[in-house]
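Reading through the structure tokens given below for one structure.
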């Protein structure tokens, strides 16, 4: 199970001059088990903050987040995360990066390696098993980051603009691969993006956020059939609708 | 680095030529211009003195003694300096508590500690090691601290969401490997400083053996060719230790760093 319930979350950040800004203001959201949810919104709308709060990396000032009914306060292995920046440990090889999570759980070495090999294969990087991160391209690094997060067998995979730094071609490929992984492992995915195209291609549910303070503007259920056609007329229509909403936000 | 190592003898032509010319000029000046073994021993004088030291067998006692002093100092500097640097880098309170003390003690030149070294430890190997320690410990502390301070936040967060939660495991699995390049360069600096302190400590009579001690002893005997031999041995040994360390660190500990532009 991987059901996330966000109720009445507010997060404020203290600025250097002592003032505080409200990054999230009284946000409610329900994410169903096995759902693929995208957060989208103008920069500074708190989409990353919301994701990080679900991860346990930020403490809410008000409100509560639960995963399958259990309170989330600190990070743990039930929620895996893939970051926008390259977050692989540069001193560990690809396989050592993937074994990190299971190793921390205290799982035996053989079992750890077995799990890691499975996910390494899943992302198709067997031949880079013993490479260091600096030897990999951006797309490969994010593949390893995904494998590393999955090796912990989390209930929810949190992704913070994971493909933001990649070129369009690689990005499309990785989106397709991610959907395959999602279909295969049946986990909940929460995905932050600033790309309308990406959200329309990936999500079951798109959460549009508004800025300063961060609030949820609208939740759109996407019922386009999968596999999706990026250029179908329904997709275009949805895209236009989203773009309009975002443009409105920018004007405010 | 590795490229320079694999360069053939042929490609080292200029380097060899440069050293050879320097030696010839030295020999000519010593023989024809100065012509006084006390003021400037020639290359051949030094060579003969070196052979005599080897034949006499004293070189190895001195070498072993100096390396013992150096070892005592450096190893204790690492054993004490790294944990202090780690604690200061990771825990803000520890940093605030220790920083003023370190900033007060650090500017005292290590050689100023020699009287206390003698009072506390007598004329022993420990005493010479202590002076080396004083010189070596601060670069280790400061570089470990810096390395820990600049651990990218993203690695710590990535580790946390992977279930690495306690300070102990975060230090061990994330901060320490991430800070290793900085710690390694701190150790290199501390070995350089320690090497200088070693000679001074031995010269001031903290020990009755060792390469530094021998420089002083031969000076009293007015054997400047021997003084120069020991100077050169100290230089070459320092170079060798540094190269050995770099070879080990770059080739083994920091292999993952190839390609990182510093």
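Using the three backbone atoms N, Cα and C, a Cβ is placed for every residue, glycine included.
According to TrEMBL, the transmembrane segment annotation covers B:16-34, B:46-64, B:70-91, B:112-142, B:154-175, B:187-206, B:226-245. Annotation source TrEMBL lists domain 'ABC transmembrane type-1' at B:63-245.
Cβ atoms under 8 Å from those of the transmembrane segment (B:46-64) belong to residues 209-211, 213-214, 223, 225-226, 228-230, 232-233, 237 of the same chain, restricted to positions at least 6 beyond its ends. The transmembrane segment (B:187-206) shares more Cβ pairs under 8 Å with B:112-142 than with any other stretch in the list B:16-34, B:112-142, B:154-175. Most Cβ pairs under 8 A with the transmembrane segment (B:112-142) among the ranges B:16-34, B:70-91, B:154-175 are made by B:70-91.
Within the same chain, residues 98-99, 125-126, 128-133, 135-138, 140-149, 167, 171, 175-176, 179, 183, 186-187, 190-191, 194-195, 197-198 sit at least 6 positions outside the transmembrane segment (B:70-91) and bring their C-beta atoms closer than 8 Å to a C-beta of that stretch.
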